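Undergrad: Below is one structure. I have some questions about it.
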Ligand code: EPU
């Protein structure tokens, strides 16, 4: 596969594209199908590599997966779930972080699970200590092997009471996918409540689970003996929508994102408006545009939901290089999410990264040597460069920078973007971008 994109930048992106289901929900709903005794149907599924990776892993475990890519419909039949060979699972090592969520469902179905070494973006250490602590508390026996983790459930997993030290998305999902079929009641204090998690809870409820979400991040689950398949339409991908909105702003363009929905985007829309972007919420999508004149600098802090998402940060920072004055961005979810700024500097942006917690409250990364705050001074014209994609969201940000920059940029490692952005090259062309694979 050719992994290089030439981008002739400097032109506003204008037009209409469609965004389908959220990457960070679809993959989890696919894992949930393992818990059902009958087939599940998932709609609004985008054709991205993470879906292919999870389909491959489900297939190895005996789930019959059929994917109609055009219609975006996945049929998942778990009637014959079986243990997969370690060597086959190992072939998926390093491809994604989703395999860790197979633990609970496989322990319920088979009493054992092998999880390969995980992949995912290199945006920090990304440990799995919360996940393993949760599984142990349910009664699973966890053995770390040189190439992954071996788990056993000597008897039915038991409901438990857990407090998370930080509202981790993955750990909350781990708990949900394990507790729904454990014996008795499970209570989670300090849960993540991202919209993708609420949609996963909706799926599990359709399957027969009993889950209540109380105030103050408390989730309570009454375990049941049996779950059925589900039929569900995935919520829209709010990260992809924000990425295109940021591209409209950075290039001085006008992009309508069909399929985008307002409730999950509210925090982003507030910030977009403060920077000077315009938007119009329509029945079937949201239009984002740059109304001319100066963009405004802002002080921004990323946070767990309902705060400003960490995944929105990187694309928006590219637009902030075009805002007048000093913007301050404090990243509090991942300790290492400003690596992409090196390429922006190479293209003419003025961005300094700092170890201190700037522009907000102190976070858990302060005084710990992590460069997790950035100061962006603008506006600075961007010029073309030869750049390498560092991670999924950082990569899309590089792409936005190349589209905003005058001249012909070479963006390498573009395949990484296929993990989470469906047909992004076709969408760029539809928006009038001058791009070609090398
Ligand atoms: N953490 C721990 N221990 C753990 C788990 C997490 O210390 O066992 C820490 C992480 O190191 C991080 C923080 O907790 O500093 C938050 O991590 P979280 O578990 O919430 O993230 P995740 O579940 O690994 C998902 C998304 C990310 C998204 C985050 C935050 C998926 C597959 N990934 O990751 O999406 O940034 O939640 O919303 O759902 C992306 O799409 O590009 C992406 C990175």
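Just so you know, the numbers here start at 1 and follow the chain as drawn.
Glycine too: its Cβ is placed from the backbone N, Cα and C atoms.
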Undergrad: According to TrEMBL, 97, 311 bind UDP-N-acetyl-alpha-D-glucosamine; which one of 281, 329, 333 is annotated to that same site?
TA: 333
Undergrad: Quick one: pull the CA-CA distance for residue 97 (UDP-N-acetyl-alpha-D-glucosamine binding site) versus residue 24 (phosphoenolpyruvate binding site), whole Å only.
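TA: Per the Cα atoms, residue 97 (UDP-N-acetyl-alpha-D-glucosamine binding site) and residue 24 (phosphoenolpyruvate binding site) stand 11 Å apart.
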Undergrad: Roughly where does the domain 'Enolpyruvate transferase' (7-428) sit in mean pLDDT, to the nearest integer?
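TA: Mean pLDDT across the domain 'Enolpyruvate transferase' (7-428) comes out at 94.
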Undergrad: Neighbour count first, Cβ atoms within 10 Å, every protein chain included; then name which of 23, 97 tops the list of binding-site residues.
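TA: For the binding-site residues 23, 97, the Cβ with the most other Cβ atoms within 10 Å is 23.
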Undergrad: When you look at 97, 311, 333, which the record names as binding UDP-N-acetyl-alpha-D-glucosamine, what is the longest CA to CA distance in angstrom?
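TA: That value is 17 Å for the farthest Cα pair.
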Undergrad: Near residue 311 (UDP-N-acetyl-alpha-D-glucosamine binding site), which residues of its own chain have a C-beta under 8 A away, given they sit six or more steps off in sequence?
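TA: Listed in sequence order, they are 239, 242, 393.
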